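*Asks:* The structure follows.
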Amino acid sequence: MHIAQELADETCNSPRGAGHARLRYPSDRRTAIPRNRRPLEGLWRFRRVRDIDLQVKEGEFICFLGPSGCGKTTLLRAIAGLDIQSRGTICQGGQDISRLPPAQRDYGIVFQSYALFPNLTIEKNIAFGLENIGRPRREIASRVSELLELVGLSSQGRKYPAQLSGGQQQRVALARAMAISPGLLLLDEPLSALDAKVRVHLRHEIKELQRKLGVTTIMVTHDQEEALAMADRIVVMNQGGIEQVGTPTEIYRHPKTLFVADFIGETNQFPATVGKGAQVEIGHTRFACAEHRLPSGASVVAAVRPADIIPHGAAAHRATGLDAVGNADNLIDAHVEDMEFLGMFWRTRLSAPRLKEKALVADFSTNAVRRLSIEIGSAIQVEIPQERLLLFAKA
């Protein structure tokens, strides 16, 4: 699959091979894409997608992740042919499919609402696509049986959708999408309608199924944890464009923009000034920070995740923040203002003189809180690890 600008001097015969996908929208203007025209509304809905240039490898699990309205579902619908882009091309297996109707594209799709046929049994729902393309009855029966076993519903084939739980219905929708052995599987927020425990269980099942079948998969989600747990690569989107593409570890540990850092997890953010080398000044205090390419003296935002802050017990009342040879040591005295128990950890709000009026939020493990006797009112010392203190240019 390959999406490219209509007027670009490119072909769809990508040298990377038929198993790759390439997605591109023109960068010279925003692209208005009609979503749905509903007679009752009498208006066109538009979603704008811009600067998209993405390649998807064969067998890869990709997540489009971003806030509501960022363009992730629009992009998925364009790939599916449910919305036709006004500019740009989409290629799959070296073939331009930009203007093909959905029925002629090689994909299976699973929606948030399951979209099962309520009047058909589970077996008939799964067999629907195979019957439409005229497969022999014996082949259909064998394929349906295979898929029911694969999704753990071998004994449920003669039931109707209303007789199944939400998680079971989503498995049926997944089996139906996979019945025709598509080259591409599209998942449009498939788990968002399920309760938390079922969602966690089913995301592992979907990932395991995808690995077994080796099908190239693109999933839309706004759930950061879901994307981190399931994806081989995450495409973080914002305001119709791509902010960053990378593995879950790269996205979480090495965000390229402040938006990505803040959207994937949580961050403490401080106005700061770039110092010499790998140092930054927050307030009037010098801290060692991660390597960066920002010019000395630039006004930036310094960010650190609550989970990266390390407690060290009783405060030592070190006012300067410098070690014996004058280097920033990133140890600061802090006062525990509030604590919130969240099961696996305590979310702790700290005040620190070196940070002036800015509160510092830290996540301490239950064991650390017990070992160091941390409680509201405690005077403690915490460390901001150098490699976890990231700098970002101001927007």
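Any Cβ shown, glycine's included, is placed from N, Cα and C.
Remember, predicted model here, so these are calculated numbers, not experimental data.
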*Asks:* If you look at how Swiss-Prot annotates this chain, which of 1-21, 148-168, 253-273 comes out as region 'Disordered'?
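*Replies:* Checked against Swiss-Prot: region 'Disordered' maps to 1-21.
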*Asks:* Would you report the average pLDDT that the model assigns to the domain 'ABC transporter' (23-264)?
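*Replies:* When the pLDDT values over the domain 'ABC transporter' (23-264) are averaged, the result is 87.
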*Asks:* For the binding-site residues Gly66, Pro67, Gly69, which one has its C-beta crowded by the most other C-beta atoms within 10 angstroms?
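*Replies:* Highest number of other Cβ atoms within 10 Å: Gly66.
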